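Novice: Dumping the structure here so I can ask a few things about it.
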Amino acid sequence: MEGAEEKKKVPAVPETLKKKRRNFAELKIKRLRKKFAQKMLRKARRKLIYEKAKHYHKEYRQMYRTEIRMARMARKAGNFYVPAEPKLAFVIRIRGINGVSPKVRKVLQLLRLRQIFNGTFVKLNKASINMLRIVEPYIAWGYPNLKSVNELIYKRGYGKINKKRIALTDNALIARSLGKYGIICMEDLIHEICTVGKRFKEANNFLWPFKLSSPRGGMKKKTTHFVEGGDAGNREDQINRLIRRMN
């Protein structure tokens, strides 16, 4: 019979639908490529961070061994070994400023010590040492070691990102703010602070002032200098003990 076995015609796919499917497929490929590229970038960054950490560890160990060797050589020769002048200080505000002179108030602001038990790193030079002397009755300060710098940044470290105090929970936060200076991770940040590197100013300004706890066991005499049995002023390497009590 005529027309009885005619095949049913399949309706043609509209051009708009074909175009839509093509665009979707292209978009999917682009997304997959981007995802793969990001994955490879993260992998490369992780490897770089690991290599940097290893390099810094070696550098710190070498510095420590050099100090020990120089001290031994001096003793052997019957001399005293005088270490290099410290380049880094950690400063903690220990008193309020009611009734103080505007000069003291201004210096504390420049040091970013706006509250009691705030702490900041300071690069030591003639100008900064003079500033510390002006506010010495209101601060405790000294020379932090690598362990103290490491513990402060890892435990109490917050970054200034878009004028906000943001916890440093991810290396990506550091890379976004300081990547242009070659600082992409916590280890870079610690190294720059600890060695007072070329980008110390940028790294230090990125760090929000540390909010420390009241020291375990309390304080002795805030108004008396450390050398007289009090808490104020320069306590040199003994600042590390105070940091442990407050961190």
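Just so you know, glycine gets a Cβ as well, placed from its N, Cα and C.
Annotated N-acetylmethionine per Swiss-Prot: Met1, in sequence order, evidence recorded as similarity to another entry. The feature region '4 X 12 AA tandem repeats' is assigned by Swiss-Prot to 7-53. Residues annotated as repeat '1' in Swiss-Prot: 7-17. Sequence annotations record features per position, and here Swiss-Prot assigns phosphothreonine to Thr16 based on similarity to another entry. The annotation repeat '4' is assigned in Swiss-Prot to 42-53. For Lys123, the entry in Swiss-Prot reads N6-acetyllysine, with the evidence type similarity to another entry. According to Swiss-Prot, the N6-succinyllysine annotation covers Lys126, on the basis of similarity to another entry. According to Swiss-Prot, the feature phosphotyrosine maps to Tyr138.
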Novice: If you run the three-state DSSP split on Lys123 (N6-acetyllysine), which class comes out?
Specialist: strand
Novice: Could you measure between Thr16 (phosphothreonine) and Tyr138 (phosphotyrosine) for me? Cα positions, answer in whole angstrom.
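Specialist: Thr16 (phosphothreonine) to Tyr138 (phosphotyrosine), Cα-Cα distance: 75 Å.
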Novice: Measuring Cα to Cα, how many angstrom lie between the residue listed as 'N6-succinyllysine' and Tyr138 (phosphotyrosine)?
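Specialist: With distance taken Cα to Cα, Tyr138 (phosphotyrosine) is 20 Å from the residue listed as 'N6-succinyllysine'.
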Novice: Under a criterion of Cβ-Cβ distance under 8 Å and sequence separation of at least 6, what residues of the same chain contact the residue listed as 'N6-acetyllysine'?
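Specialist: Those within reach of the residue listed as 'N6-acetyllysine', by Cβ under 8 Å and sequence separation of 6 or more, are Lys87, Leu88, Ala89, Val196, Phe200, Lys201, Asn204.
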Novice: Around the C-beta of the residue listed as 'N6-succinyllysine', how many further C-beta atoms are within 10 angstroms, looking at every protein chain?
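Specialist: A 10 Å sphere around the Cβ of the residue listed as 'N6-succinyllysine' contains 7 other Cβ atoms.
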Novice: For the region '4 X 12 AA tandem repeats' (7-53), what are the DSSP-based totals of helix, strand and coil residues?
Specialist: 39 helix, 0 strand, 8 coil
Novice: For the modified residues listed here (Thr16, Tyr138), which one has the lowest count of neighbouring CB atoms within 10 Å of its own CB?
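Specialist: Comparing Cβ neighbour counts within 10 Å for the modified residues Thr16, Tyr138 gives Thr16.
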Novice: Looking only at the repeat '1' (7-17), report the model's average pLDDT.
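Specialist: Average per-residue pLDDT within the repeat '1' (7-17): 68.
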